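As annotated by Swiss-Prot, Zn(2+) binding site applies to H563, H567, C665, H669, with the evidence given as sequence analysis.
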Amino acid sequence: MYMSTSEIRTAFLEYFRSQGHQVVSSSSLVPHNDPTLLFTNAGMNQFKDVFLGADKRAYNRATTSQRCVRAGGKHNDLENVGYTARHHTFFEMLGNFSFGDYFKQDAIKFAWGFLTEVLQLPKERLLVTVYATDDEAFDIWEKEVGVPADRIVRIGDNKGAPYASDNFWAMGDTGPCGPCTEIFYDHGDHIWGGRPGSPEEDGDRFIEIWNVVFMQFNRQADGTMEPLPRPSVDTGMGLERISAIMQGVHSNYEIDIFQALIKKAAEIVGTSDLSNQSLRVIADHIRSCAFLVADGVMPSNEGRGYVLRRIIRRAVRHGRKLGATEVFFYKLAAELAAQMKDVAAELIAQLPLVERVLRIEEEQFVRTLDRGLLLLEDVLANLGDAKVIPGEVVFKLYDTYGFPADLTADVVREREIGIDEEGFKAEMEKQRARAKEASSFGVNYNEMLKLDFETPFTGYKTLTERTRVVGIYKGVDEVSGLIAGDEAVIVLEQTPFYAESGGQIGDSGTLKVDDGIFAVTDTVKAGKAIIHKGYMELGTLEKGAEVEAVVDGERRQAIALNHSVTHLLHAALRQALGEHVTQKGSLVGAERMRFDFSHFEGMTMATIRRVEELVNNQIRANHEITTQLMDLEAAKSAGAMALFGEKYEDDVRVVRMGDYSTELCGGTHAKRTGDIGFFKIIAESGIAAGVRRIEAVTGKAAIDFMHQVGEQIEEAAALVKGDQFCIADKVRQVLDKAKMMERELEQLKAKLAAQAGNDLLGQVIEIKGQKVLVAALEGADPKSLRGMLDELKNQMKSGVVLLATSGEGKVNLIAGVTNDLTGKVKAGELVNLVAQQVGGKGGGRPDMAQAGGTQPEAVPAALQSVHSWLEERL
């Protein structure tokens, strides 16, 4: 019985709905609150906390069709996609789950009922496996379901350790685990392969279609198994695999949804070979890429974004291999949305964004793709008998041409050649070391000073503190005291000075002692100690002395305003551009702030104005800015935004600005958003692929900036004899007039060139009966030379012309040959003859060529050589 992929998905969910299960929508491909996972890769991911007892749902039976990605991380099918019948980066996992409700008997009967009654698969084509010691499951299959014993296979510990088996599932080294039973479909003896557990089990005859996991134990640290108080069930069946069976095909790529994508891809790139493996790759990759972007992942050079970038670039490379000459990949997203319209509401809603992101990423990559492939072809041609591409070549392709290592591996795999992965990793480590060294400006106190001391920070509540000097260092040497003029770093018992971290620069101020002042120019961290950099401005200072630490309050306030506005800006960017925006870095100073964020294209002027408006609205709302210490998980549950890649303590500081922004942050902030006063973006630019940078000012600095802009506008208005309200029209008038004058100048030059050409005709000589003109001119530019050449050739009808002009250390040359003589004399050869003698080079067509040089003094002799050269050829 044929069923479409969509019909199978619907039938599965409706079957389990009828069995009392709650139909739960697919969760995002980006796992929430699970840092152990790169992507959602199984149906149970969204229920993990339920299985662990940390979450409780209103239902105890659930069913889903979960979108999954397996690329990068522990589960990575990327390198096999396109080369096998069943590997994918993206697939749908059909599943039914019991949270302490039914167990083995019902789970087995549900699975068998769906396969044999709803899908009507022949029972004789089905074979099952159970864990070797799971007699309960074996008996249910044989005695209650009626599967013959010879079609039930016991699988023991086949992975080298107790409970390490294809038929024993575990969430980790400890925790919930249990045996599983798997259902296989027998394609028939005309397909090579053996039963599960046999030496030929890797063949394609018996294909696993459903895995039913019985979570009944809690594995302890010592390896012992304790029964779970509420055994549960987790099942998974690949939609693509069961669709292949129901549609009577052997490869997943032959099912309806893949065939539609393959045909569309073939149409776009212009190929008729529908069996080409590259079409399989493209059809698979558009599914993972489109849904990842729809779920908020953007191409980048780290984490999930880098996996997405690798998949996109692999697809683009296969498109070029098929002959694509223009960007094509993004055009498949609409076809995918149409094919999966029943379950792709998120993709359909985000389709314009998805297409734009994929198009921009492809456009960026194709600029270097062809050059990288040429380099790789050159390396392959000179590889000889070697079967491995050197690591330094793989690194160069990555670093210079944007080739992920697995893309290079994919290219050379087609030649049965591998890559030196260890060599590549070594080159990457060298690059990281170089980057670290290059970024270490000034003194690295973390390296210099190994201080076993944690400085309490009191600066959230006060800007002055009576405290004691516990350490004075000049370089790496601890000293007992300082005199006027000494530069040093000082460690205090406790301090109100904020040390540079989280993008916020360190405080400055003074340390006052009875007979001296130490000027603090910067505050940084050395381990957990806070150190105060500066110099002894007056008097002396000794270790152990009591000092009054005074932070520069005006500077701290300016920094606080700029830090607070980064939070508002982050929220505004997510509102204006999309939830994919995340902070990539920041620099919060007293004069201005800088904010780096993930986004795939430059912001338009209208979008910049929109972001400014959103931020200034929140400033005018004058929200109270509150801080609270919370448990990390509680903070995340409360909606606090954590920065990707940042390490946080168990207790974190949560900064709230009304209902608009909630972030984890250890920096200093204003008391209310209104204190910021005014926010103005002064620059927006790209700093890396997929990363944008905004520079902005606040408060008085923003007002000063607007005054400067106003002054410049007034000055410009005066220059064009207008005012600030009509300056654009006035500038337009000036530009229009300038263009008109340029046209008149060009016309005048053309007339002068024609006149000069007529004057030059008097210098024409004959060589072997052919007209020849070789002349040096004063003050003519290259464009004028071209006009003169055309006029002279028209006047001469037949002949050879070489003109030269020089000035300011440069030489311009042009040669022309009428068509009847290009068989004897080539303009390109002639102009190069002269160019080589005047320190230059050039080229062009047989009838016209241009060149440049750097030795004006050599022009006369070079022109003299032309006559003898022509005599040999005419």
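All positions are counted from 1 along the displayed chain.
Keep in mind that glycine also has a Cβ here, set from the backbone N, Cα and C atoms.
Since this is a predicted model, take the numbers as computed values, not measurements.
Under the three-state DSSP scheme, C665 (Zn(2+) binding site) falls in the coil class. Take the mean position of the Cβ atoms of H563, H567, C665, H669, the recorded Zn(2+) site; other residues of that chain with a Cβ within 8 Å of it are A560, S564, T566, I625, V655, E663, G667, T668. Non-local contacts of H567 (Zn(2+) binding site) by the CB criterion (under 8 A, 6+ apart in sequence, same chain) comprise V655, M657, S661, E663, C665, H669. Around the Cβ of H563 (Zn(2+) binding site), the same chain contributes G503, Q504, V588, M593, C665, G667, T668, H669, each under 8 angstroms and 6 or more positions distant in sequence.
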